[in-house]
2 protein chains.
Amino acid sequence: MLFLDIRDNDFTAKFGTILARGEETGREVEQTVLGIIADVRKRGDAAVLELTRRFDRLEAASVAELEVTPAEIEAAFAQVAEADAAALKLAVERVARFHEKQKQQTWISTEEPDIMLGQKVTPLARVGIYVPGGKASYPSSVIMNAVPARVAGVGEIIMVAPTPGGQINPHVLVAAKLAGVDRIFRMGGAQAVAALAYGTETIPKVDKVTGPGNIYVATAKKLVFGQVGIDMIAGPSEILVINDGSGNPVHIAADLLSQAEHDELASSILITTDRAFGERVAAEVERQLAQLSREAIARASWDKYGAVIVAADLDEVIAFSNRIAPEHLELAVADPFAILSRITNAGAIFMGHWTPEAAGDYLAGPNHTLPTGGTARFFSPLSVDDFVKKSSIVYFSEGGLKRLGSDIMRIAGLEGLEAHAKSVGKRLE
Amino acid sequence: MLFLDIRDNDFTAKFGTILARGEETGREVEQTVLGIIADVRKRGDAAVLELTRRFDRLEAASVAELEVTPAEIEAAFAQVAEADAAALKLAVERVARFHEKQKQQTWISTEEPDIMLGQKVTPLARVGIYVPGGKASYPSSVIMNAVPARVAGVGEIIMVAPTPGGQINPHVLVAAKLAGVDRIFRMGGAQAVAALAYGTETIPKVDKVTGPGNIYVATAKKLVFGQVGIDMIAGPSEILVINDGSGNPVHIAADLLSQAEHDELASSILITTDRAFGERVAAEVERQLAQLSREAIARASWDKYGAVIVAADLDEVIAFSNRIAPEHLELAVADPFAILSRITNAGAIFMGHWTPEAAGDYLAGPNHTLPTGGTARFFSPLSVDDFVKKSSIVYFSEGGLKRLGSDIMRIAGLEGLEAHAKSVGKRLE
């Protein structure tokens, strides 16, 4: 862990190692993934079956066999404790309620004589949701991807999840059912992304692929971008906690560790105007680390990518935060609403001392799929917007074209596009 | 030109050649562009200068010299006819008025006790706009990229344009000034995209790069995606005209040619329920082609990628249109509003017989940067949305965390993320 003062001369150099942790995919990964995509495009189901056998050790006679059956979903409900299913249901309901507020309407303006302009909002017809397998197979990921799609009105939601050895987490199946997923296939990796993007004999081609995954999945998503839509390029996760000396170091240490336990590349950073408070948090992190079941992961993350930074005042703190554009930002200050308007770059903002990041991870309502690694400068949280597209609407009556025709023809003329001008001119002749 | 009946057995095979025209970047282009990006990242200004010298035959002692000065912009205004400047100003105003309607507000919900949730909308701090050089250097492109950025509230808009031999189109400069561009650099190609994405000593790093370009520019945008945002992956342009036998074949032929004159890869397609009408349009296209200044380009496009398709009824027509998801879609039918709700995939929809595509290209108001090649299935027109990003807002009071805490901890438990649960538990102890 780095304990730094932002005013130190070597601050930027030292802190740079944390910022650089998620850099760039190796070219070998890209070559491998390009090969897999080409194979799935060429051989379809046969390629998917072979790659699933190789990477997931799962034998199947056909891709149809990889689909999860209604009976399997029923069995999952029977396996899951009632209180657990109820908590997942609460999460689905709360996430749906939040995302309903993101829905945009088709509109058309009628304020101008002879001309109407508008924007039609249409849900995507079919989307694919990638859910990681194994230890990172989280029901909350299913909910956070499927619910916005369902709220948007997507026609069909297809989920894919690698199932090493065929095992699939029953909580994931329950979450998928509650969240409105239509079909589930046991397949993962770059081959699953390729199958969704291009379609195979059995897997229908989708319009967009969303969801987290390992480096092969992320690379595959990047490479199929343009063939289908994708949500965002996600890197390792991070939290920044902003503090003014108020609040409880025990709570803030716990929040830093909730991020650190995700994986060894996660980064947890506190920036405070109060050095003594920062020291108490650092000590408390050490104390709590020893009590964690995922101590090894959390410790590796904290040792390598954790930091406590001391700054002179909140101005300096806010400038730093906006510069690194954190995925998760806790405003652990006495009056978080007083500084909200000054936060320009952040995936999600957790306000005050009673809003741990974990609240937002599961069921507050907002999406937990957030831009990482500084991309909150330009990416937004996953939302209903990701599952619709827009079409412009332009209507001119004869009167409208008469009114604007000469200006249209003039600009077409400037650009040397005579046929553009003629398409107007011939109507006005 | 293909004259097809949609009910023919070989329709799909024959039409497939048109759909496949924009396929895939060669790997050599990608290797070249990767090299350019690496060079710009490593050597900054020096690389930009050298590449600009090589590709644009433009000598400069420094990148600062590549910046267009206020005096040059003044000179451009002096060169441009008053009526032309007025038409560009009208376009800027109309495009701004339309895009104002796309602005979304920051909101926060207060309907629930103890918990407030919301979404903050923040303009991007700085964006780069790519404007092609030479024959495709269009003032309308500048307007369509810069105005949405300005309406969104972007802090700084930086335009780049290659200027072979140093020449820059005065209409482009006038449009840039009217549209609110802040700085303009004479540079283009993959090197300009790389400079914007990573920054150099002189070129400030931006948050997003938008705008059309050749295959090197498009590939560079795709490769820097994730480092910065990009607008969309644009391919060759297309128009689909839907017709029910109503209207004037002369007008529709002119519209088809307005697309064909763009470039040889453009595709213009008419689908009509009236074979005789289709035949008249085909004959009229031939007649008008002979009168075009850009005949060679338009003829190459029409011969290779033009089509007139006959279908049984409007149902078949609409299903076809939704399947190919055209960039530009003209509803050249008697009652376009009767079918608008059934159009699910299109970049822009031009309603009725008095709305040629050219109206939307310049100054109706909606953006002319539209998804091509079937990507209207999932991409939207360039809009104010492209120049803002969102942050989720989550606020829990102590009461809120008490109410939902046990469910949060339960889901954290299901996922085996103990530190997540503890960040709640320690607050509720």
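Keep in mind that glycine also has a Cβ here, set from the backbone N, Cα and C atoms.
The feature NAD(+) binding site is assigned by TrEMBL to A:Y130, A:Q191, A:N214. In the three-state DSSP assignment, the secondary structure recorded for A:N214 (NAD(+) binding site) is coil. Annotation for A:N214 (NAD(+) binding site): same-chain Cβ neighbours under 8 Å, separated by at least 6 residues, are A:P132, A:G189.
Annotation comment: TrEMBL describes A:S237, A:Q259, A:H262, A:H328, A:D361, A:E415, A:H420 as substrate binding site. With a cut-off of 8 Å between CB atoms and residues at least 6 apart in sequence, the same chain places A:S140, A:H368 near A:D361 (substrate binding site), listed in sequence order.
If you look up TrEMBL, you'll see A:Q259, A:H262, A:D361, A:H420 marked as Zn(2+) binding site. Long-range Cβ neighbours of A:Q259 (substrate binding site) (same chain, at least 6 residues apart, Cβ-Cβ under 8 Å): A:S237, A:E238, A:I239, A:A266, A:S267, A:S268, A:S301, A:H328, A:E357.
What TrEMBL records for A:E327 (among others) is active site, proton acceptor. Counting only same-chain residues at least 6 apart in sequence, those with a Cβ under 8 Å from the Cβ of A:E327 (active site, proton acceptor) are A:S237, A:E238, A:I239, A:A346, A:G347, A:A348, A:L370, A:P371, A:T372, A:G373, A:A376.
Per TrEMBL, active site, proton acceptor is recorded for A:H328 (among others). In the three-state DSSP scheme, A:H328 (substrate binding site) is classed as strand.
Between the farthest pair of Cα atoms in the NAD(+) binding residues (A:Y130, A:Q191, A:N214), the distance is 13 Å. The record assigns A:S237, A:Q259, A:H262, A:H328, A:D361, A:E415, A:H420 to the substrate binding site, and the maximum Cα to Cα distance across that set is 56 Å. Mapped onto three states, the DSSP output places A:E415 (substrate binding site) in coil. Its Cβ taken as reference, A:S237 (substrate binding site) is surrounded by 25 other Cβ atoms within 10 Å in the chains shown. Cβ contacts within 10 Å of A:Y130 (NAD(+) binding site), excluding its own Cβ and spanning all protein chains shown: 28. A simple way to gauge crowding: the CB of A:H262 (substrate binding site) has 23 other CB atoms within 10 angstroms, across all the protein chains here. Rounded to a whole value, the Cα-Cα separation of A:E415 (substrate binding site) and A:Y130 (NAD(+) binding site) is 45 Å. In this structure, the C-alpha atom of A:H262 (substrate binding site) lies 18 angstrom from that of A:Y130 (NAD(+) binding site). In this structure, the C-alpha atom of A:Y130 (NAD(+) binding site) lies 44 angstrom from that of A:H420 (substrate binding site).
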